[in-house]
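Asker: According to Swiss-Prot, the active site annotation covers Cys139, His276, Asn296, on the basis of similarity to another entry. Residues or ranges marked as disulfide bond in Swiss-Prot (evidence: experimental evidence): Cys136-Cys177, Cys170-Cys210, Cys269-Cys318. For Asn103, the entry in Swiss-Prot reads N-linked glycosylation site. Feature annotation from Swiss-Prot assigns signal peptide to 1-15; the stated evidence is sequence analysis.
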Amino acid sequence: MWGLKVLLLPVMSFALYPEEILDTHWELWKKTHRKQYNSKVDEISRRLIWEKNLKYISIHNLEASLGVHTYELAMNHLGDMTNEEVVQKMTGLKVPASHSRSNDTLYIPDWEGRAPDSVDYRKKGYVTPVKNQGQCGSCWAFSSVGALEGQLKKKTGKLLNLSPQNLVDCVSENDGCGGGYMTNAFQYVQKNRGIDSEDAYPYVGQEESCMYNPTGKAAKCRGYREIPEGNEKALKRAVARVGPVSVAIDASLTSFQFYSKGVYYDESCNSDNLNHAVLAVGYGIQKGNKHWIIKNSWGENWGNKGYILMARNKNNACGIANLASFPKM
């Protein structure tokens, strides 16, 4: 009985003594995430959103403890934002209207032999630290750079931070902080004959004029390959054989915004509504749940140190295999 009381506390606190506890919690949250507001009105409206999110998190975690969900949520630095605002300000996948796959760029998996049961490129030293795109729709640039970094390590043995800002400023087919697409980025690096390192061309989180300098060049690209649409088995092969792969997902749900640990699976995730680009750096299984290991670009304070485990072989959950691609180096 005591166990149930503990479980119900977070939900009950809203009903029993909301104000004092919430006041303290709110002040602590603001301090932790260095939040400042322009006016009292602004702060009140943000606090209402934060309270709604906190309640959502508490109820979800209560359900998770009763076995309803395979993942848990936690309050984070996005606490005073609605899920619509997160999509608007912190995603940025823009698929070209004319996008059609050609046989020239289609990845044809080598089905010989078995793919390993699990792969984690973080352990192999293929993955740079988690970055934060800020309030710029540049997810596509971070996803592209992550895939290029993996191939650079594979080819040269060197792990190096490449420049998403180079892509934000210089890929004319994309729209900078207004959004873009990964294969456009790979094509730019190919035509440009290179991409600068992060040190040579640091990230500023807004679109500026193109300042690419060949002296800062750290990697090249010979083109790209696209995974057959919606084919998770082909995506698994690509991750196992090639390295980290750029993928697009639906990141529009509140459950994604506050993901903390476990294997993320939300039936409301829409595989036809892809809005965010991330990086698949491996796959595996946790407590019987197959998953993809996904690197996000919302900083280390988001998710599990910047990562999320997303359901694998669950009918292409969140559309993870719909727009997957990787660069050739």
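For all residues, glycine too, the Cβ spot is worked out from N, Cα and C.
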Asker: Across all chains shown, how many C-beta atoms besides its own are within 10 angstroms of the C-beta of Cys318 (disulfide bond)?
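Answerer: Neighbour count, Cβ to Cβ under the 10 Å cut-off: 30.
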Asker: Per DSSP, Cys210 (disulfide bond) is which: helix, strand or coil?
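Answerer: Where Cys210 (disulfide bond) sits, the three-state DSSP reduction gives coil.
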Asker: Calculate the distance in Å between the alpha carbons (Cα) of Cys170 (disulfide bond) and His276 (active site), and round it to a whole number.
Answerer: 20
Asker: Rank aside, I only need the closest one: which of the recorded positions Asn103, His276, Cys318 has its C-alpha nearest to that of Cys139 (active site)?
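Answerer: Spatially nearest to Cys139 (active site) by Cα position is His276.
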Asker: Mind checking which of Asn103, Asn296 has the fewest other CB atoms within 10 A of its CB? They're the recorded positions.
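Answerer: Sparsest of the recorded positions Asn103, Asn296 by Cβ contacts within 10 Å: Asn103.
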Asker: Spatially, which candidate from the recorded positions Cys177, Cys210, Cys269, Asn296 is nearest to His276 (active site), comparing Cα atoms?
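Answerer: Checked the recorded positions Cys177, Cys210, Cys269, Asn296; minimum Cα distance to His276 (active site) goes to Asn296.
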Asker: If you count other Cβ atoms within 10 Å of each one's Cβ, which of the recorded positions Cys139, Cys170, Cys177, Cys210 has the most?
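Answerer: Answer returned by the neighbour count: Cys139.
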Asker: What whole-number Å value do you get for the CA-CA distance of Asn296 (active site) and Cys210 (disulfide bond)?
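Answerer: Cys210 (disulfide bond) has its Cα 25 Å from the Cα of Asn296 (active site).
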Asker: From the Cα of Cys136 (disulfide bond) across to the Cα of Cys269 (disulfide bond), what is the distance in angstrom?
Answerer: 23
Asker: I need the nearest neighbour of Cys136 (disulfide bond) among the recorded positions Asn103, Cys210, Cys318, using C-alpha distances.
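Answerer: Nearest in space to Cys136 (disulfide bond), counting only the recorded positions, is Cys210.
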Asker: Look up the residue listed as 'N-linked glycosylation site' in the DSSP assignment and report helix, strand or coil.
Answerer: coil
Asker: I'd like the Cβ neighbour count for Cys269 (disulfide bond), meaning other Cβ atoms within 10 Å of its Cβ, all protein chains included.
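Answerer: That number is 23.
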Asker: Taking DSSP as the reference, which of helix, strand or coil describes Asn296 (active site)?
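Answerer: Assignment for Asn296 (active site) reads coil.
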Asker: State the three-class DSSP label for Cys170 (disulfide bond), counting H, G and I as helix, E and B as strand, and everything else as coil.
Answerer: helix
